[in-house]
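Down below is the structure, laid out as structure tokens.
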């Protein structure tokens with residue numbers, strides 16, 4: 001079974017690892033067969049499962065339901081679960097909501113933000129709840145950003161993101177996710193912190209990669225993000241199957257053939 005210790009060893013050894021979003025039992029079992037290292041029950045389910053335009057309507061109960069689906073069905077992957085929008089504004093509600101997701105079967109709680117999360121991160125760590133901090137393009141802040149845009153460009157913005165990464169790790173964060181940031185910045189963050197860093201649209205130098213499952217299967221509504229690749233129709237997927245797509249993703253990340261320069265930002 002993959003644990004945080006496994007991911008830390010991967011980072012130390014320079015071994016890349018995989019993460020995919022997942023929301024139901026059948027796909028969770030397929031990912032177990034493909035040996036996907038980590039699974040994220042993302043609040044992205046609001047868009048790809050529930051049909052919303054953003055992640056904002058997702059509730060803690062939604063997240064707990066889908067987390068339990070995965071925990072019952074995949075016994076090998078490390079399971080990360082998102083705390084959804086406005087569910088961790090105050091420390092007491094954050095603790096209560098984190099407990100709900102951990103009791104549903106999550107191993108790590110994912111939250112979005114920077115140094116303002118440090119007190120929460122430390123509190124959860126002391127209570128035995130590991131956190132993964134999502135930096136860069138944080139979808140719960142889409143209205144603040146004015147849309148889905150690359151973050152961390154320019155010296156000032158890049159330094160702020162690097163400082164936030166160091167601060168949350170110092171506070172006790174066990175993992176980081178970097179989304180849609182320049183590849184050079186992602187590399188700098190990965191080298192600067194001791195914990196594993198997972199990238200999405202952040203270049204090839206992060207310790208691991210994550211994609212939304214629907215995206216990597218070519219199930220995209222509207223314009224496809226630059227950082228995705230359709231592993232279902234890839235000619236290397238000789239089975240032309242979903243299981244084959246998961247296995248090809250695992251292989252491609254491990255061997256370093258995904259992502260490439262075409263999937264990253266400068």
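Yeah, the Cβs are placed from backbone N, Cα and C, and that goes for glycine too.
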Next on the checklist: Need one residue: from 82, 163, 164, the one Swiss-Prot lists with 43, 112 for Mg(2+).
Outcome noted: 82
Next on the checklist: Rounded to a whole angstrom, what is the C-alpha distance between residue 43 (3-methyl-2-oxobutanoate binding site) and residue 112 (Mg(2+) binding site)?
Outcome noted: 11
Checklist entry - What's the CA to CA span in angstrom from residue 112 (Mg(2+) binding site) over to residue 44 (3-methyl-2-oxobutanoate binding site)? => result 13
Item to check | Other residues, Cβ within 8 Å of 43, 82, 112 Cβ centroid (Mg(2+) site) | outcome: 42, 44, 55, 58, 83, 84, 85, 110, 111, 134, 138, 139, 140
Checklist entry - Once the DSSP letters are reduced so that anything not helix or strand counts as coil, what is residue 44 (3-methyl-2-oxobutanoate binding site)? => result coil
